[in-house]
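Heads up, the thing below is written out as structure tokens.
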Amino acid sequence: MHLLTVIWSIAHISAATRVEFERQRPLLDGDGFCDPANDTISQLVLEAIFNSGYNKNTVPSKYGSTTVTVEFVIQTIAQVSEITSSFTLDLLFSQIWDDPRLRFDHLTTCLQNLTLGYQMVERLWTPNTCFVNSKSTAIHSSPTPNIFLMIYPNGTVWVNYRLQVQGPCDMNLELFPMDVQVCELVIESYSYNAAKVILNWRDWSPVFSIAKSKLADFTLYGIQWTKNSFEYAAGKWDQLTVSLSFSRAYGFYVLQMYIPTYASVLISFTSFWIDLKALPARITLGVSSLMALTFQYGNVAKSLPKVGYVKSIDVYMVITTGFISLSMVEIAIVCWIEHKITRLKRKKDAEKKKRRMEAINNSKPSNRRENSSNSLLGHYGATSVQPSRSSVIFENEYEAHRVNGGSTIGEESTPLVENGSLPKKKCSIFGFRHTAHVDPLAALAAFGFGVGEFGFMENVALSVYFLLKLATTTTPTTNTSRSGRASGSTPSAGSSSRPPSPS
């Protein structure tokens, strides 16, 4: 039994030695083999590699960790969406590591590298790096999968994938539309921890963009890359993080949001210069501006996610809506104040009218005539007022009240007022038959009795006529009245209505 074990061990060692010898034996470097058009040498190298016991399920280094260098080239930025809080990239993702089992520099010197098709990737060991936070990842196929594979003579493997990756964005819309959004992609080896696979960024410019930095509504202005470690239950994993900073291009919102809302507020302010009586026009301006503002905000809100915090655009819209609402409140307040002022004015007018009517009632013709008759008491004797008929009658008609030029003024005189009014037939001489003996004061008093009985123009005409009559009349000077007064001949109150003619 022990003899069989020894024989099997010797055979195994000899076979392994033969395989190692075959691997170390160089291939023939004839002129035909080094011809670039001849692919025979590549096939021989691949056969030599894979027939030497290559196992893709084990890591290249048995006693240490394998270092994988990562390169990240942004080819196209497809979109940045606020609704889905994500961004989409087309990128070239490269991984470089050393696999000593794939060395072929000892086999031939004709080949600088082996450039292979995408099918060969499945036959090689890969670090199984992935985007652990991506929403979706796909290898472009146009028409075949876009995978680049190159093996160098020293065993260095370079694999490049053209991918479309949709990653998350931590959307913070508090400063919308002046906001800056940061989107991240996290890369790690899904199958191997840091003890087996170490992930590192390339030493020079590991992440850069060859795409246009300006999108329709965003601008890429910053790229950062970092390396972190994350502790899982199975150990510690290396993580490579790429952070892309996008600033929003707010020109669209200036044209579609800010300028129209400014215009709406200014239009609502024009109602302050409209006449207060044009109330429908003022209300129409305010309501139309408020509706336009609401419609504009609705269009913007449809393109935004429903978040639980207040955005700057919300504050702006509340302020602009408040301006328009306050203009409507101002209209209501002004209308109320105008209504109060109108009521007070009407009340004051009514009070003035009431006082005017009271003044008119207090100064009726009877009162005026009574006052006027009392003022003439010193000239024409006692007078009496008949309240029932509002008339003034001279009681001592024949008494000589005043002697002017030797004649009695009261001779053949008639009452100035009969039955409360001047006789319109005798208005030209105010009831005096002998205008030559009329005293101007008595005439003015008689004219005062007639105020209110005639129209304004009639009174003016009568005044002018009477003054002209007085100016053209001369007063005779006689001694009759003096002799009469000296003799004490004074007509009695109970005599007839006409005095006797002078002797």
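Note that Cβ sites are derived from N, Cα and C of the backbone, with glycine treated the same way.
As annotated by TrEMBL, signal peptide applies to 1-16. Feature annotation from TrEMBL assigns domain 'Neurotransmitter-gated ion-channel ligand-binding' to 46-248. If you look up TrEMBL, you'll see 250-272, 279-295, 315-337 marked as transmembrane segment. The domain 'Neurotransmitter-gated ion-channel transmembrane' annotation in TrEMBL covers 257-398. Marked as region 'Disordered' by TrEMBL: 347-383, 475-503.
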(request) Six or more residues out from either end of the transmembrane segment (315-337), which same-chain residues have a Cβ under 8 Å from its Cβ atoms? (result) 258, 261, 264-265, 268-269, 271-272, 276, 279, 282-283, 286-287, 289-290, 293-294, 297
(message) Averaged over the domain 'Neurotransmitter-gated ion-channel ligand-binding' (46-248), what pLDDT does the predicted model reach?
(response) 93
(request) Report, as numbers and ranges, which residues of the same chain sit near the transmembrane segment (250-272): CB under 8 Å and 6 or more residues beyond its ends. (result) 177-178, 217, 281-282, 285-286, 288-290, 292-293, 296-297, 299-300, 313, 316-317, 320, 323-324, 327, 330-331
